Ligand code: ATP
């Protein structure tokens, strides 16, 4: 269908050719038919990495290349069993790598699908929200500011509609769209003012179009190959670990050089020296680490999805754990966004909504203004009421329905002929409807803005001059309602004989007649209260940001525990007056920002960032994108959020809930903690191996461990426990600690020192076992070294579950996966010792019960030693705190 010049067709031709009525839309049978005919409304992007490619990529690794080289050399020298083992381990490692990468890729793919946008369409006479992927040609699509256009189509309704289509035309300024049918052939894309293109962005107003092309049959589909695919991003920690890996690689080469040199001085055979160097290189590099980090991250991302947080950018997983300020919108995030009108005010009379009387002209006008100046819908779908749109507006419709005033019906009497959509900057919305023989402008919005646009007030059925006294009275009532945490919408109108040429705030939203106010409650979310408490304990400052009235905001913030004694609320206007320096000096004082516009949010984020804080910021509107991008963790709303805000965000909250952010922070902290545990485990074991080899060379001892032994331990027996540490349950005090400083190295806070000490102990234990066994034979010595090294590492996993807490406090059985991993690793180790053929290949011997006893005793020493170190450090720490 993309070939036709649709922009030349008028409404009638469009309806005929696409076989659709714009008021009713398609029916479900027709939709199904077209869905089958035209397929998914999605752009097929370039293919993914194939499994084969992934497999070969595993061999690019520096370490793997060295190993293959080593296996070739040993084969050449007649050590065929070594060659086979090394190649087997390399192969196994590559297969594991592919499985892991594949899993990580799949979960990332799932992420992309989760965050695909929705579209609003008219089908069978109702407005429905569907996945964009389900839009078909002929659908009548509704778009408004903040939406991505879900299909190509001809515009049939436009209210200040502006679309930014730079992806297609390169023109970054949004284009005003209208419904004028174009003439002439081959009009350039940028000049088709009555046409909307898939994946361009609505920046202003609202409108409707008939979809003429979907999926690959769209302008953007035609150039799909040109759209760049998203780069894979790495988290800061992954980048640092890559660097560390490179450093260790270089370190290994240097150490190999030293060993060669010492060996040369000691007159050792060259082959021995070569194999020892390979052993050392294998010992020094934590081969499994990058894969384990990726897996732990992707498991964490999956957990977050299960808990309603979709991570759009992987680095956010890590940043979340460092968050120290959470700036949250009020409506819907801290509150339930279940607005219910409870109060109605008309001049000098504040009543409960159920006492309103539609015989009273002012009360009727107040209710009708709320109903007609409204874009929400409340349709009955199979007997059930289904609300679509802004909850504030839904509340106004529900209030009117109490009195039998239905929106569709009233709009058929008073047809809408023009409008100025709501925007959070102006805080007003206006419609023009036919009324008697002329037109009536209906405006609703924030009282502080609206009252300035009125010069009369409706009292009874009369319009009276609006005096300062009356204004003061109205403002008093507004404050009274706000202090009870009610959101207040003020209502006004004016009659005009004809529609002005230019529809803008200047022409419509002035000289209005004030009618009254509706007050609605929006109760705080219960779970938000707990989450606020939790975040404060975790050293994270919660901040409320809202477009609502200051007094309403303060009342709710107090109830939630966000606004405490000594803290203040500030309004957007006052914030504007502060210089950057003044804001810097006072920012810690403010817990509530009221009546803010989206651009204020950027200042708030930057203000806190200057204080060195890591800021999470929520946002939903089209104008929130800059703040979301600027924040360290931009959180968009999954339900109420616009497509633009989701695109700009690092994380999308599928339940729009503040508590979800706090839960995600907890998960972020846990993930980082667990990656640290894996690193702790793997590096301390590597250091143990290096220490054992290095000392034996310096002391002119025979080599205690062969390359295949170290390879086996590092690549096979260690990887499962390291992975199990990556999914360790969170430590109990994880949300009682202060946020981690992202600038600090992970090896500070004692981890680096601990690693070195533990590694040295493991190395010495291994050498001790080797020495004892060597009295009998070199093979028994190596077997005892191999078993002691393997076992002590498995025992050591318990030590690494906490840097400072005793494993007896944490409990040996609290990570069942770790127990399973240890068991499997143990069986693997016993397998190569007790199966004669394997024993042969690995050049191991058979140990006596006494020797096994010694191995076991030595292996347990690492547990006792680390427990002692932990007890001692805790003791000194406590004494320091007391002093
Ligand atoms: P947040 O989501 O940031 O907590 P909010 O939803 O209260 O804030 P906005 O949606 O920007 O903030 O609303 C600001 C003010 O604009 C409200 O206090 C209300 O007076 C007015 N307002 C809100 N929605 C509408 C609407 N649909 N039509 C007219 N005025 C509105």
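Keep in mind that glycine also has a Cβ here, set from the backbone N, Cα and C atoms.
Note that TrEMBL annotation is computational and uncurated.
Look at TrEMBL and you will find 5-79 tagged as domain 'Cation-transporting P-type ATPase N-terminal'. In the domain 'Cation-transporting P-type ATPase N-terminal' (5-79), the DSSP tally of helix, strand and coil residues is 47 helix, 1 strand, 27 coil.
According to TrEMBL, the feature transmembrane segment maps to 59-77 (among others).
Marked as transmembrane segment by TrEMBL: 83-99 (among others).
Annotation source TrEMBL lists transmembrane segment at 247-266 (among others).
Residues or ranges marked as transmembrane segment in TrEMBL: 278-301 (among others). Same-chain residues lying 6 or more positions outside the transmembrane segment (278-301) and placing a CB less than 8 Å from one of its CB atoms are 61, 63, 66-67, 70, 93, 96-97, 100-101, 103-104, 107-108, 111, 235, 237-238, 241-242, 245, 248-249, 251-253, 255-256, 259, 311, 314, 317-318, 667-668, 670-671, 674-675, 678-679, 682-683, 686, 689-690, 693-694, 703, 705-707, 710-711, 714-715, 718-719, 722-723, 726-727.
The transmembrane segment feature in TrEMBL is assigned to 751-773 (among others). Residues 676, 680, 683-692, 695-696, 701, 704-705, 745, 780-785, 787-789, 792-793, 796, 799, 803, 847, 851, 854-855, 858-859, 861-862, 865-866, 869 of the same chain lie 6 or more positions beyond the ends of the transmembrane segment (751-773) yet place their CB under 8 Å from a CB of it.
The transmembrane segment annotation in TrEMBL covers 818-838 (among others).
The transmembrane segment annotation in TrEMBL covers 850-869 (among others).
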If one takes Cβ-Cβ under 8 Å and requires six or more residues beyond its ends, the residues near the transmembrane segment (83-99) are 51, 54-55, 58-59, 64, 67-68, 70-72, 74-75, 287, 291, 707-708, 711-712, 715-716, 719, 841-842
